[in-house]
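All remarks here apply to the structure that follows.
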Amino acid sequence: MHSLREGILDGTGNDSSAVKPASPSPSLKAVLRGLRHILWPKTVPSDSSPRQLRPTAYLDGLRGFAAFLVYIHHHQLWAHGAQSLQSAVYYENAYGYQGEFRLSTFYGIRNFFTGGHMAVAVFYVISGYVLSVKPLALIQGGEHLKLGDNLASAFFRRWFRLYLPIIATTLLYIASWHLFGYWNFACPPKETFGDELWNWYVEFKNFSFLFKEGGWIWVQANTHTWSIPLEMRGSVITYIACMALSRATTKARLVCLVVLVGYYLYVVDGYYGALFIAGMLQADLDLLARREGGYFPRWLRRLERYKTFIYYHLFVVSMYLAGVPSATNKVEDLRANPGWYWLSYLKPQAVFDPKWFYLFWAANMLVAAVPRMGWLKRFFEGRFCQFLGRISFAFYLVHGPVLATVGDRLYHAVGWGRPIEVGKVDMLAAWRDLLPLPKIGPVGLEFSFLVPHLILLPLTFWLADIVTRMVDEPSVKFAAWLYKRVQGGGKPESKPESSEAMLRLA
């Protein structure tokens with residue numbers, strides 16, 4: 001008889017005299033072992049050799065840290081906004097607004113409390129950079145056939161890359177409401193799971209349609225997904241720009257990119273398009289700067305000797321603009337904030353929400369400055385930021401559901417619950433003030449606000465890591481596999497007729 005360790009193809013022949021045992025079902029121990037591998041994967045011991053980082057590893061770290069700022073921003077507004085809407089208003093306005101002087105709103109410092117909007121702008125600039133850097137390298141090298149293959153593959157895979165993780169996480173989230181029978185404030189469950197699925201289907205099919213107009217710009221089960229359709233549109237804009245300008249001269253291509261940025265920022269309200277194209281422009285200039293003998297704007301070459309002075313100042317300006325007041329989208333309210341009166345007159349007519357105009361400049365200055373500031377680049381290349389970069393998309397997707405379920409209950413327990421509305425049932429009455437803690441400390445750093453994060457932050461990291469390994473990374477592999485399948489599994493098709501022959505047949 002064969003060993004239990006052998007597979008069906010491992011035997012040396014048939015053994016008719018032996019009784020073949022039935023295939024054993026997986027033991028409980030094996031199931032638990034597999035579950036443990038999913039929930040608590042073993043870490044591979046690192047050797048003594050230094051880590052090998054990609055040239056753009058700092059962008060991964062910057063993207064991860066930006067996702068962390070989104071987490072902080074939403075938790076700050078959830079807890080403090082629950083106590084008083086006025087508290088949220090102060091958070092979203094400048095230092096000294098209406099006589100309120102708080103450390104969490106001070107210039108530069110405020111970005112660590114309410115830097116979520118800046119983070120989204122940084123996401124878009126980084127995406128424009130990384131999506132275009134390979135096509136631009138092929139363009140500069142004159143490899144137009146490879147460029148077509150690269151853009152075809154990237155374009156095909158992009159929708160799956162962005163939306164499959166949303167499908168998986170939102171479906172699991174709404175299923176958990178009915179499976180475990182719990183309530184959440186952000187999106188109260190429907191009567192039945194069937195109603196929930198239908199509502200999700202209707203929302204998602206519209207949400208994921210690239211040319212959707214009007215209606216909700218997110219899936220109700222996770223409103224933080226509003227940025228993903230704009231990410232998809234920006235990706236399309238970037239791919240089209242790469243293809244459309246692939247035969248242009250270097251100088252003409254750079255001029256066209258600048259014109260596109262101006263169009264999206266000053267002519268129409270397409271700030272996300274401007275952010276993506278600006279990221280593409282930065283990638284183009286970085287690649288040209290590394291090429292010997294190629295074209296590079298002479299005026300930029302002349303400024304190279306002053307780059308340390310220039311980029312440090314760009315970083316400071318970036319941190320100031322990143323704190324743009326965003327309580328409302330009215331320019332009059334922006335003008336009423338200390339330090340923003342004269343800046344408010346720079347807003348173009350086309351921009352509906354003023355903050356995105358200033359965040360455009362802030363995000364681009366930051367992305368340009370990071371690789372030229374050694375200490376800052378090393379910070380984003382550090383292990384913590386690289387870990388955040390690896391799980392950034394999943395972290396962005398799961399932090400909202402964790403906040404609306406576990407976070408809401410913990411905040412109620414320590415004394416940050418919402419006021420009880422007259423005539424409405426207090427759904428979290430059992431959690432309210434269960435373990436009240438003192439609200440001592442600066443606003444945004446209160447003891448009772450920080451304590452719940454001893455649970456919330458590790459829990460969110462843990463779930464984000466699971467989603468990264470079980471959903472996000474498999475989605476990338478699935479998209480690549482599917483693209484290969486639609487190409488016939490890599491097998492060449494029969495030689496097509498020439499274009500002249502086809503025209504004769506027509």
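Every residue gets a Cβ built from N, Cα and C, even glycine.
TrEMBL assigns the feature transmembrane segment to residues 387-406, out of the candidate ranges 67-86, 227-246, 387-406. Among the ranges 269-288, 309-328, the one that TrEMBL lists as transmembrane segment is 309-328. Remote same-chain residues near the transmembrane segment (387-406) are listed as 57, 60-68, 70-71, 74-75, 78, 165-166, 169, 173, 182, 184-187, 221-225, 455-456, 459-461, 463-468, 471-472 (criterion: CB distance under 8 Å, separation of at least six residues from the stretch ends). Tallying C-beta pairs under 8 angstroms between the transmembrane segment (356-375) and each of 112-131, 162-183, 309-328, 447-467 places 309-328 first. Between the transmembrane segment (162-183) and the listed ranges 112-131, 309-328, 447-467, the one holding the most Cβ pairs under 8 Å is 447-467. Outside the transmembrane segment (447-467) by six or more residues, the chain places 38-39, 71, 75, 79-80, 165, 168-169, 391, 394-395, 397-399, 402-403, 406-407, 410-411, 413-416, 436-441 with a CB less than 8 A from a CB of the stretch. Through the fold, the transmembrane segment (309-328) approaches residues 88-89, 92-94, 97, 105, 107-108, 110-111, 114-115, 117-118, 303, 334, 337, 340, 353-355, 358-359, 361-363, 365-366, 368-369, 372-373, 376 of its own chain, all at least 6 residues removed from its boundaries and within a Cβ separation under 8 Å.
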